[in-house]
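As written in TrEMBL, here are the features:
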type     : residues                           : note
ACT_SITE : S150                               : active site, phosphoserine intermediate
BINDING  : D106, D376, H380, D417, H418, H499 : Zn(2+) binding site
BINDING  : D106, H213, S215, E371             : Mg(2+) binding site
SIGNAL   : 1-23                               : signal peptide
Amino acid sequence: MDSLRQFILPILAWLLALQQTQGYAIQHEPAERRMHPVFNFKSALPTEHTIHKRAMPMINFDAPIAEEEYSHYWNSIGQNILEKQIAEKAQLNTNLAKNIIMFLGDGMSIPTLTAGRVYLGGEEKQYSFERFPYVGLSKTYCANTQVADSACTATAYLGGVKTNYGTIGVSAAIEANDCLGQNNSIHHVTSIAAWAQRQGMATGLVTTTSVTHASPAGVYAHVANRNWENDAEVLSDNGDPLVCTDIATQLVHGEVGRNLNVILGGGRKHFLPNTVRELEGELGARLDGHNLIKEWQAMHGRDAHYVQTRDELLNLPTTTTRVMGLFGANHMPFHLDADATLTPTLAEMTSIALDILERQSNGRGFFLFVEGGRIDHAHHDTLAMKALDETAEFDKAISLAHARTDVRDTLTVVTSDHSHTMSVAGYSSRKNDIIGVNNGQLADDQLPYATLSYANGPGFDYNVLKANGAIKRKNLHKIDMKRKDYPFPSMVPLESETHGGDDVAVFATGPYAHLFTGNYEQNFLPHAMSYAACLQSDNSAKRSACTDGLLRGRT
């Protein structure tokens, strides 16, 4: 018996090793081996194995650089990070935050950041803001829903108060469509832009969406329905525009909106009557006959300029005190679709905003809100390539602003309002095309699958074949996944992919950036920003670095 055992055991060990190195397993394999298969990415493996349904495609992988194969390479990186962390955190920056810049990547989930790094060139890449010294996580739920929208979150990260899904700048006492309730100032939630204006700071907003969309509206509006961007939308919900003022009107005539020095984004149709065609030929949406663009111009005089094209924006007079730039009938086009001669980039808009705010601050500083808003829209359509490209454009704006400002007196906070349902699936080799087919294994139906996919959304119908009541996945090798409008696969068919309920990351640098570490409610953000800048809000106990005796007022 012992001699038989000595003969059989080496054979079993050899078979087990063969099973692991060739990337397939026998039927009824143990759960751990089924859940965590081990692949030899350096071996060119045959595709014709049928013993296991997840047979490896033929791949040949080498480390991006040879040094990665050696321990000293990774130890050196670890030590370099350690030295950087120690140096950056050895002394806290407790200066007055003279300026505050808040960057909001709408729908910029953590998987979006991960996939975006590979899109930029590799898993080891970093966005500029990922090099900020302080990072935290914020919880994004609304007062009445597990998964948030951009309206309730804007009220949280700009006003410091959690509210109901679909409402902006009002407390959770106001239900959606409560026309009368939105006018009751008792329920109004003011934003950090309002607090900054009272302190004499210059203020502005920049977005790639309509300037009346949910996120930018959080800067200046109080509304019971985020869709009420113009008076026609109010009427469509049986509201009275004379009672519940639409968002565009609040931007032009509201207390905070009319005092903004910079308004840049899309949304021309919301400001024009339905008898007037805007630059792209689309009729305005307003039914009240108001041309709010002309009203804005008349209100602010000759040093306030309205622009519609990139050239007009980049050639503003240096005497400009205020600018309203509207670069689309509704949202600005995706960067991959834009005519670069007509449409400014987010970085270009941010640069012009900084020029004006720095001039108009009169030494008292500024607050600037910048939104990469179309990350979200691409995800809703399961257009993963566009979502990652919009994230890359968002990072360019952050990099520019960080280079233009001084961390000694400028607090920069980068975050997202909510996540999405896109995931990054295993197990591709390093540097595998993130917007292509996963090269680690086949699915149980013997077809390849995408590394990026969504839990729900319109990508379902595009990526399946339906015949005689049966549904079968399409072969992704026969689909052009590099097409910018390719809808990535989703599990549940929905006309529009939903947001996700994950926490989102917060990155910070500058005065009191250390306050943004840890895990916290999303509505904490403006409280921390106002503390660093010694702003007084309506919605807090009025605690600041100044009242704590750490600073003596503004300079």
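Note: Cβ is positioned from N, Cα and C throughout, glycine not excepted.
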Other C-beta atoms that fall within 10 angstroms of the C-beta of H499 (Zn(2+) binding site): 23
Other same-chain residues whose Cβ falls within 8 Å of the Cβ centroid of D106, D376, H380, D417, H418, H499, the recorded Zn(2+) site, in sequence order: G107, D149, S150, I375, H379, S416, S419, H420
For H380 (Zn(2+) binding site), the one of S150, H213, S215, E371 that lies nearest, given that the recorded positions are compared by Cα: S150
Of S150, S215 (the recorded positions), the residue whose Cβ has the fewest other Cβ atoms within 10 Å: S150
Tertiary neighbours of D417 (Zn(2+) binding site) (same chain, Cβ under 8 Å, six or more apart): L104, D106, G107, T140, A148, S150, T153, A154, Y157, S215, V504, Q522
Position of peak Cβ density within 10 Å, selected from the binding-site residues H213, H418: H213
Alpha-carbon distance [H499 (Zn(2+) binding site); H213 (Mg(2+) binding site)] in Å: 16
Distance [Cα-Cα, Å, rounded] between E371 (Mg(2+) binding site) and H418 (Zn(2+) binding site): 13
